[in-house]
C-alpha cells in the first residue's frame with residue numbers, strides 16, 4: 001500500500017467538504033500529524049485500526065489513486081479507475097424513462113447487476129439518446145445486454161404462442177385488384193332497381209324537320225351549337241330541338257299547364273335543345289350565360305324523371321334528384337324556382353352552410369324528392385349519415401365553373417363517388433375551362449354539349465356597356481350624382497371590390513335618405529335573404545354588394561349594374577353585368593375604370609368589341625401602356641419599378 005502514497009500532495013487541492021479534510025504535507029503541523037503513528041492522522045470520530053489511506057463517507061469507501069488523490073466513488077460505491085474502459089450506446093429517447101426507472105431505481109439496479117457505471121446524456125433532445133457505459137469489458141457487455149432487453153419490444157407468451165403462421169405473401173397485380181374492386185362495386189349497385197331515363201317521344205312535326213331546317217333554327221337561336229363531347233362512331237345522333245313548349249311536353253299536359261301558369265310563351269334557346277336531350281336520358285353540358293333559362297332547362301325534366309322511377313316515392317329512403325350550387329343565394333333561388341312548379345306533390349329542401357342545421361336535418365329525414373345544396377353542407381349531412389344519396393338518379397352541377405373556382409372540387413368528387421354510377425348527370429356552366437372538361441370526363445357518359453353563342457367568354461348582347469374613365473378619388477361623387485338622377489322605375493345593383501366599401505357607401509346613402517341595402521359574405525343569413533327579397537320585390541331599388549351577388553341573384557327587372565370597382569378577373573365582370581338584361585329584356589352596365597385597373601384593359605376591350613360596344617380611346621391607351629410596361633419589366637427584371645403614367649384628370653366621361 002506504500003506505493004499509493006504521495007509524498008508531495010497538491011497543496012492547492014481544496015477538499016469538497018471541510019468535515020472530511022484530507023491531511024497534506026502542508027497541513028502536518030496544523031492537524032497534529034504524527035509520523036510515527038500515521039493511522040492516527042485519519043480520523044472521523046474514532047480512529048481506525050487499520051493503516052490504510054481511506055476514509056468512509058455516507059457508508060462508501062474512497063481510496064487514493066496512484067497520484068495520491070482520492071478516487072471518488074460512484075452512486076453505488078464503486079470506485080472510478082483511470083484504466084477502465086467506456087463505450088457509448090444509442091437508444092430511442094422513448095425508452096430513457098424505462099432505463100432510469102422511478103426515482104432512478106432501475107438504473108441503480110442495472111449498475112449493481114452489471115458492475116458498470118451508466119451515464120445518460122441529458123443534452124439529447126432528438127429521437128435518440130446517447131448512453132455512456134464505463135467499467136471493465138465484461139461489465140460493459142453485461143450492461144449493454146440488460147439495456148437492450150429493456151429497449152426491445154417483446155410480445156407476451158400468449159401472443160407468441162397464438163400468433164397464426166403467416167403464409168407467404170403473394171403479389172397482387174394492380175389490374176386484378178382494380179377489377180375486383182369494380183366487380184364488388186357493381187354487385188353492390190345491382191341491389192338497387194335500374195334507373196329509368198327515357199321519357200321522350202319526338203313529336204311528328206319535329207321528326208319532319210330536315211337537317212337544314214335544324215341548322216337554321218339553331219343559328220337563329222343565338223347561334224346554338226350542339227355536339228357530343230366525346231364523339232365516337234357508335235354515338236347516337238343528337239336529338240333535334242323543340243321549337244315550342246308543346247313539342248317538348250306533348251305527353252305531359254300537367255307540365256304544359258305549369259308553364260302556362262308561369263306566363264311563358266316561348267322557350268329560350270338552351271331550353272329548346274336541352275329538353276329533348278334530357279328527356280331522352282342523355283347526359284348534358286349546358287354552356288350559356290346567366291339569365292338564359294338554364295334552371296328551367298334542367299328542372300322540368302327532373303320532375304318527370306322523379307315520377308318515372310320504378311321505386312315508389314314513399315318507399316325511397318333518400319332523394320331522387322340532387323342539385324349542387326356554388327352559393328347559398330343560387331341554391332335558394334333554385335329552391336324557390338322548384339316551389340313555383342307544384343307537380344304531383346314533389347317536395348324539395350335547400351341545405352346550405354349558415355342555415356339552421358337542425359331544421360335542415362329534420363326536413364331531410366321526413367323524406368324529400370329534391371335536395372338543392374352547397375357542396376360543404378351536402379358533405380356534412382352525408383358524412384353524418386343524415387342524407388342518403390343511394391337513390392339519387394339525377395344529378396345537376398349548376399355553375400360548375402364557379403364551384404371549381406371556389407375550390408369545391410374535392411367535395412363534389414366525394415359526393416359523386418357515393419351516387420350510383422348509372423345516374424343521369426347535368427352540368428351547367430358559363431364557360432368551358434379545363435377543370436369543367438375534367439369533371440365531365442370523370443362523371444359523365446358520352447355527354448351532349450349545348451352551347452349558346454361562342455365557347456369563349458362573352459358578355460350578354462342585351463346589355464349596353466358603358467366605361468367611365470376617371471380618377472380613384474372621383475368615384476364617390478360621380479356615383480352619388482348617378483344615384484340622384486335615378487329614374488322611378490330603375491333598379492340598380494352596385495358591385496364593390498371590398499366589404500368596407502360596401503358598408504361605407506350604404507351608410508352614406510342611408511344618411512342622405514336613399515332607401516338601399518347591402519350584401520356581403522359574412523352578413524347574417526337572415527339579413528342576406530331579406531336584402532335579396534327587398535330588391536326583388538321592389539321595397540329597395542338599390543343594392544350594394546360584393547362579388548357574392550355576381551351569380552345567383554335572379555332578378556328579372558334590374559335596369560342597371562354599376563361596377564364601382566373593376567373586378568379582379570374578366571370572368572367576374574361578365575357575370576356582374578349579366579345581372580341585368582335578363583329574360584329577354586335590355587339593361588345597362590356602367591363601369592368606373594381607373595389607372596390601377598389598367599392590367600384588365602386589354603381583356604375588357606375584347607369583351608366590348610365582341611359585343612359591338614364602343615371602346616374609349618383612353619382604354620386603348622391603358623392597354624398599350626400596360627403592355628409596354630410589362631414588356632420593359634420582364635426585360636429589365638423585377639428590381640426595376642415604374643408604371644404607366646398616362647391618363648388624365650378631371651371629371652369622368654361616358655361613352
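Cβ from N, Cα, C; glycine included.
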Any idea which of 186-214, 215-243, 244-272 is down as motif 'Q motif' in TrEMBL?
244-272
Summarise the model's confidence over the motif 'Q motif' (244-272) as a mean pLDDT value.
93
Who are the chain neighbours of the motif 'Q motif' (244-272) in space, where the CB to CB distance is under 8 Å and they lie at least 6 residues beyond its ends?
199, 201, 203, 205-206, 217, 221-222, 224, 279, 286, 288, 292-294, 296-297, 300, 303-304, 340-344, 450, 452
Mind tallying the motif 'Q motif' (244-272) by DSSP state, helix then strand then coil?
19 helix, 0 strand, 10 coil
